[in-house]
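Student: Could you have a look at this structure, given as structure tokens, before my questions?
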Amino acid sequence: MIQVLLVTISLAVFPYQGSSVILESGNVNDYEVVYPRKVTALPKGAVQPKYEDAMQYEFKVNGEPVVLHLEKNKGLFSEDYSETHYSPDGREITTYPPVEDHCYYHGRIENDADSTASISACNGLKGHFKLQGEMYLIEPLKLPDSEAHAVFKYENVEKEDEAPKMCGVTQNWESYEPIKKASQSNLTPEQQRYLNAKKYVKLFLVADYIMYLKYGRNLTAVRTRMYDIVNVITPIYHRMNIHVALVGLEIWSNTDKIIVQSSADVTLDLFAKWRATDLLSRKSHDNAQLLTGINFNGPTAGLGYLGGICNTMYSAGIVQDHSKIHHLVAIAMAHEMGHNLGMDHDKDTCTCGTRPCVMAGALSCEASFLFSDCSQKDHREFLIKNMPQCILKKPLKTDVVSPAVCGNYFVEVGEECDCGSPRTCRDPCCDATTCKLRQGAQCAEGLCCDQCRFKGAGTECRAAKDECDMADVCTGRSAECTDRFQRNGQPCKNNNGYCYNGKCPIMADQCIALFGPGATVSQDACFQFNREGNHYGYCRKEQNTKIACEPQDVKCGRLYCFPNSPENKNPCNIYYSPNDEDKGMVLPGTKCADRKACSNGQCVDVTTPY
């Protein structure tokens with residue numbers, strides 16, 4: 001039996017009320033002074049790390065005892081996290097700091113099922129927690145030789161600017177395409193699998209030169225501000241089955257790389273172009289957000305492209321560092337990321353409970369950590385229509401360049417399993433303290449793993465999804481269920497298509513995906529537009545020039561569909577977005593003639609594309 005020594009760090013425990021104090025969050029008119037008491041369970045003789053994986057604090061709020069349980073946010077950083085800043089002479093300096101022993105936590109209040117907490121424990125406790133439906137902020141009072149903290153409500157912070165802040169997004173963005181509603185029964189198997197898959201957003205943050213000046217030319221202060229913000233964003237998106245990890249941070253500590261200006265529209269366009277032409281070539285990521293110290297025109301606090309995620313030119317947003325309270329800035333950033341993920345502004349009928357929601361057009365003074373029913377529908381319909389691929393990519397072991405972090409749910413180099421922290425792990429096969437398999441276990445997860453043992457050879461582990469797929473079986477030597485599919489070129493869907501990498505791409509399904517249920521393929525005459533070599537019709541691009549289709553290849557260019565809707569009687573319709581010109585082209589492997597399929601904009605023998 002492991003002996004456990006309960007280490008308690010006790011200070012004065014009596015709270016008292018204060019009338020007014022100037023804190024990092026601003027001038028607070030009504031606050032309560034508390035002295036958090038830390039209670040930590042350590043194995044006897046163990047060395048206490050600087051920041052434990054789990055911590056517990058006790059203090060009183062309004063005279064009532066509160067127990068705050070905290071767990072390290074181990075998914076906060078990606079394995080290849082990097083930081084870039086610039087020397088006074090403009091040299092780029094990029095480092096890969098060890099971030100596994102960070103001080104950022106999520107948590108809950110004991111005996112309060114609806115409670116939440118996002119806390120930095122770097123220098124005392126700083127952040128917010130929800131208690132009995134009320135949102136409180138906590139931060140150290142920074143008194144000499146004292147562990148005193150202030151606990152207060154946001155409403156008691158004096159406002160620097162009474163004018164409400166707004167998001168600048170309107171529905172006239174070129175990147176926005178109206179999304180037709182799709183019921184569950186209309187989903188293709190591929191769309192359903194996509195919806196069910198866990199999503200990952202690799203986030204890159206940039207702080208402009210004014211931010212650097214605002215925080216006293218102190219790189220650590222800017223870095224801390226950014227970390228605090230991401231620590232709030234990650235649990236907001238966890239509820240949407242999206243894991244947000246910070247892959248990189250860049251601080252423009254010498255001069256701005258773009259002309260940051262008070263026109264939010266112009267600044268967003270310039271930032272997005274810089275990301276596409278500069279940042280992406282240096283650091284792989286899915287989404288970038290600029291945090292700026294400039295004041296945008298009017299009440300605008302942020303701006304983002306609607307539906308821009310995974311798009312080279314448009315997966316970006318900008319946010320003004322408009323409040324001393326970091327969680328309000330974090331909500332603004334989560335809001336702009338929401339636009340990138342296909343969510344529009346909430347209407348009056350949208351709800352997420354009693355408080356304002358993340359996608360409200362006006363940024364609320366109240367904490368908004370939930371997405372409304374409308375936002376969830378917007379996001380779902382966006383995913384069904386566009387199926388952005390970058391957010392499906394879970395980091396691979398081979399991507400890891402910094403030390404593996406046991407407890408972050410990612411199986412990395414040197415680990416056999418990773419089931420989370422010792423407190424949350426429920427996997428009988430995995431030792432959460434070492435991320436190694438328990439004695440006698442062959443595996444911890446995988447479709448060919450059953451009760452910690454490999455399933456027998458020949459056991460079916462995945463049924464065939466469709467006629468282009470094959471039933472997959474276990475080898476008896478691995479927990480993995482290797483995906484196999486029918487040979488390419490095999491006829492499918494009543495000879496309307498040919499199997500291509502496990503799928504049966506046919507034009508009819510592609511029209512439905514683009515225009516909704518009821519859409520059909522246009523008549524052959526419509527496809528003759530593909531001989532013009534413009535954005536309405538072409539077969540492929542060479543050096544950014546649209547190449548017209550040859551007569552025999554017209555069905556391997558733009559896809560022409562008939563939506564078959566009361567408001568659209570045009571027999572020849574294409575899906576066109578200037579932000580993603582390739583979307584709406586006939587997919588590779590699609591049947592274009594008898595025994596022929598599309599490959600690189602040409603209609604070739606069915607065996608050629610493979």
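Backbone N, Cα and C define each Cβ position, glycine as well.
The model shown is predicted, which means the values in this text are computed figures rather than measured ones.
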Student: Of C539, C549, C556, which cysteine does Swiss-Prot list as the disulfide partner of C598?
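Tutor: When Swiss-Prot is consulted, C598 turns out to be bridged to C556.
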Student: In Swiss-Prot, which of 71-82, 275-286, 335-346, 479-490 is tagged motif 'Metal-binding'?
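Tutor: From Swiss-Prot, the annotated motif 'Metal-binding' range turns out to be 335-346.
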Student: Say which of C406, C452, C461, C468 is recorded by Swiss-Prot as the disulfide partner for C429.
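Tutor: Looking through C406, C452, C461, C468, the record in Swiss-Prot gives C452 as the partner of C429.
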Student: What subset of the disulfide-bonded residues C350, C556, C561 lies within 10 angstroms of C526 (disulfide bond), using C-alpha positions?
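Tutor: Cα within 10 Å of C526 (disulfide bond): C561.
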Student: Since the record lists C429, C598 as disulfide-bonded residues, which of them has the fewest other Cβ atoms within 10 Å of its Cβ?
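Tutor: So among C429, C598, the disulfide-bonded residues given, the one with the fewest Cβ atoms within 10 Å is C429.
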Student: Taking the Cβ of C572 (disulfide bond) as the centre, count every other Cβ atom within 10 Å, in any protein chain shown.
Tutor: 17
Student: Over the span of the domain 'Disintegrin' (403-488), how high is the average pLDDT in this prediction?
Tutor: 86
Student: For H335 (Zn(2+) binding site) and E415 (Ca(2+) 1 binding site), what Cα-Cα distance in Å is obtained after rounding to a whole number?
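Tutor: That separation, Cα to Cα, works out to 36 Å.
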Student: Cα-Cα separation of H345 (Zn(2+) binding site) and E415 (Ca(2+) 1 binding site), in Å?
Tutor: 43
Student: Please identify, from the recorded positions E190, E412, E415, the residue with the sparsest Cβ neighbourhood, meaning fewest other Cβ atoms within 10 angstroms.
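Tutor: Least crowded of the recorded positions E190, E412, E415, by Cβ count within 10 Å, is E190.
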Student: By CA-CA distance, flag whichever of C374, C492, C556 among the disulfide-bonded residues is nearest to C406 (disulfide bond).
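Tutor: That would be C374, the closest of C374, C492, C556 to C406 (disulfide bond).
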Student: Are there recorded positions among H339, C429, C539, C549, C603 that sit within 10 Å of C556 (disulfide bond), Cα to Cα? If so, list them; otherwise say none.
Tutor: C539, C549, C603
